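Chemist: Here's the feature list from Swiss-Prot:
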- Gly45, Pro46, Pro47, Gly48, Ile49, Gly50, Lys51, Thr52: ATP binding site (BINDING)
- 444-534: region 'Disordered' (REGION)
- 444-463: compositional bias 'Basic and acidic residues' (COMPBIAS)
- 488-510: compositional bias 'Low complexity' (COMPBIAS)
- 517-527: compositional bias 'Basic residues' (COMPBIAS)
Amino acid sequence: MKWVEKYAPKKLGDVLGNAKAKAQIEVWANKWSKGVPQKPLLLMGPPGIGKTTIAHLVGKEYFSETIEVNASDKRSYDIIKSSIGEAAQTRSLFHSGYKLLIMDEVDGISGRDDSGGARAVNETIKNSKQPIILMANDAYSKRLTSIKPKCQGIKFTKVHTNSINAQLKRICAREDIEYDSEALYTLSKESNGDLRSAITSLEAIVDNDKKITKDSLSVIAKKDGEQNIFDTVVAVLKSKNPEHVAEAMRVNTQPPFLIELIAENIPREYERTNEIVKAYEMISLADVNLGRAFRTQNYTYWKYAFLFMGRGVAAAKKQTYKKFSRIITPTIYTKLSKSRKNRNLKEQVTQKMSLKLHTSPKELEKQLVFYEELFKDNEQAYDLKQYFKLTDDEVKLFRSRKIPASVEKKRLTKLRKEQELEEKEIQKQKIIDAKKVELKEESKNKKEIKVKTKKDTVEDSSKTKSTTKSKKTSKSTPTKKVTKTKKSSNSTTKNKTESPKNSSKTSSKTSVDDKKTSKKNNKKKSRQTTLFDF
């Protein structure tokens with residue numbers, strides 16, 4: 001087992017240094033354990049000072065479960081959401097209490113997935129129903145801008161050299177290691193406040209030599225002394241020791257930003273006019289060398305630039321000032337960021353307005369001055385806001401004052417009345433349309449009935465014509481074998497169909513026929529009688 005794990009603190013009270021920070025964390029954890037939700041914690045400080053250890057000890061002492069994720073390793077939106085986003089909204093299945101979510105190195109979210117990763121972290125913080133502890137190495141990182149307002153920030157300081165030295169002595173005593181006190185103190189000092197690094201270095205020395213001396217320190221490399229940029233500026237302005245300043249200038253940052261930061265804070269620290277003049281002369285020489293480096297692409301000029309802005313500015317003062325001076329960021333960057341915000345806002349507004357006005361955003365940008373006049377009237381401003389669908393921040397581009405709530409209320413009531421009238425008109429129109437449809441249906445039905453009756457009359461007339469025609473044809477064609485009864489029936493049917501002029505003829509004809517038939521019948525009877533008599 002490595003010594004870092006072997007001699008790691010077993011409870012929160014065992015952690016070295018940062019007593020105030022530990023007390024704040026304990027208060028936060030107590031409130032969560034009592035069921036009072038708190039803002040997520042954001043622990044900020046250099047590596048190796050116990051942030052992660054404290055987070056895990058809090059999880060062990062106060063919560064039922066701990067889930068950890070390194071945000072800099074899992075940078076995309078989907079990965080962060082799936083790994084910790086879902087866990088933040090659900091309670092533990094197997095334990096009753098809250099589960100602690102630990103997100104390490106949130107300031108390390110970078111690369112192409114940056115926007116997605118940062119968005120996932122922000123959404124997790126916003127929607128979480130579980131306690132969250134976030135950790136960052138650089139408290140001044142721009143990547144924490146959106147996270148800081150949502151969290152309770154706690155700053156951690158480096159562990160004091162004496163505290164590290166005492167811990168190393170305890171480890172040596174337990175491991176039965178002989179040591180030179182001066183060598184051990186040098187090791188503690190060179191760890192630069194990083195307790196973890198000091199313990200790891202001690203273990204590396206012991207693996208090579210069972211005794212710690214000044215010579216044994218050569219086994220390990222001096223801890224990379226990359227400074228925080230604000231510590232660098234403090235060293236340049238406060239110190240007169242060239243070696244100390246040179247050590248402080250070992251900072252991983254862009255020279256143009258560093259030169260601006262030093263130049264901004266010179267008049268805040270230096271009080272004598274001649275000191276300020278000399279310091280700015282050094283800044284000017286540094287700037288000349290930076291310009292040469294960028295112009296010729298020969299970056300060896302950078303070392304001269306660092307020499308002038310570091311040792312040169314430090315040497316400009318006759319004595320150090322024992323006062324507190326707050327280091328501020330260059331005003332030029334503040335102004336640029338403000339103007340960038342304004343530019344972005346202007347771009348958003350012109351994009352929205354161009355869609356409605358059917359003109360290019362660039363052309364519209366020239367006309368924004370005239371809209372400022374239109375936005376002076378409250379009611380007109382409200383109408384324009386609604387028409388272009390502008391937010392309150394976007395309205396500020398045209399007017400400093402917010403549109404009064406009374407105007408909004410008045411316009412809303414007016415709009416509601418207009419909507420009601422419009423609805424009534426729509427209902428009326430619907431009724432009119434329905435009546436029109438009914439009338440159309442009625443006229444259509446009437447037309448259909450007319451057409452049908454006309455068709456029926458035509459069919460009836462055609463039928464009667466066909467029957468009369470068939471009767472005429474039957475009369476003209478003679479029948480060969482027709483009985484007298486048939487003839488009589490035919491004659492009767494003929495009598496019915498014939499006109500009144502022929503009715504007298506037919507009646508006389510029938511009477512003659514009747515007489516003939518009666519005579520024949522009499523003859524038959526007489527024959528029959530004669531036969532019987534015979």
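Just so it is clear, glycine is given a Cβ too, placed from its N, Cα and C backbone atoms.
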Chemist: Tell me the Cβ neighbour count for Pro47 (ATP binding site), meaning other Cβ atoms within 10 Å of its Cβ, over all protein chains shown.
Modeler: 13
Chemist: Compute the mean position of the Cβ atoms of Gly45, Pro46, Pro47, Gly48, Ile49, Gly50, Lys51, Thr52, which form the recorded ATP site, and then list in sequence order the other residues of that chain whose Cβ is within 8 Å of it.
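Modeler: Result: Met135, Asn137, Phe156, Asp194, Arg196.
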Chemist: Long-range neighbours only, meaning 6 or more apart in sequence with Cβ under 8 Å: which ones does Ile49 (ATP binding site) have?
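Modeler: In sequence order, the residues whose Cβ lies under 8 Å from that of Ile49 (ATP binding site) (at least 6 apart) are Gly17, Asn18, Phe156, Thr157, Lys158, Val159, Gly193, Asp194, Leu195.
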Chemist: Non-local Cβ contacts of Gly50 (ATP binding site) (under 8 Å, 6 or more apart, same chain)?
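Modeler: Listed in sequence order, they are Pro9, Val15, Leu16, Gly17, Asn18, Phe156, Val159, Leu195.
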Chemist: Please report the number of other Cβ atoms within 10 Å of the Cβ of Pro46 (ATP binding site).
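Modeler: There are 18 such Cβ atoms around Pro46 (ATP binding site).
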Chemist: Tell me whether Ile49 (ATP binding site) sits in a helix, a strand or coil according to DSSP.
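Modeler: It is coil.
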Chemist: Which residues, sitting 6 or more apart from Gly48 (ATP binding site) on the same chain, put a CB under 8 Å from its CB?
Modeler: Ser191, Gly193, Asp194, Leu195, Arg196, Ser197
Chemist: Using Cβ atoms only, which residues of the same chain lie under 8 Å from Gly45 (ATP binding site) while being at least 6 residues apart in sequence?
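Modeler: Set apart from Gly45 (ATP binding site) by at least 6 residues yet with Cβ under 8 Å, we have Asn18, Lys51, Asn137, Ala139, Lys155, Phe156, Thr157, Lys158.
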Chemist: When you tally the Cβ atoms that lie within 10 Å of each candidate's Cβ, which of the binding-site residues (Lys51, Thr52) has the highest tally?
Modeler: Lys51
Chemist: Using DSSP, how many residues of the compositional bias 'Basic and acidic residues' (444-463) fall into helix, strand and coil, respectively?
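Modeler: When I sort the residues of the compositional bias 'Basic and acidic residues' (444-463) into the three classes, I find 20 helix, 0 strand, 0 coil.
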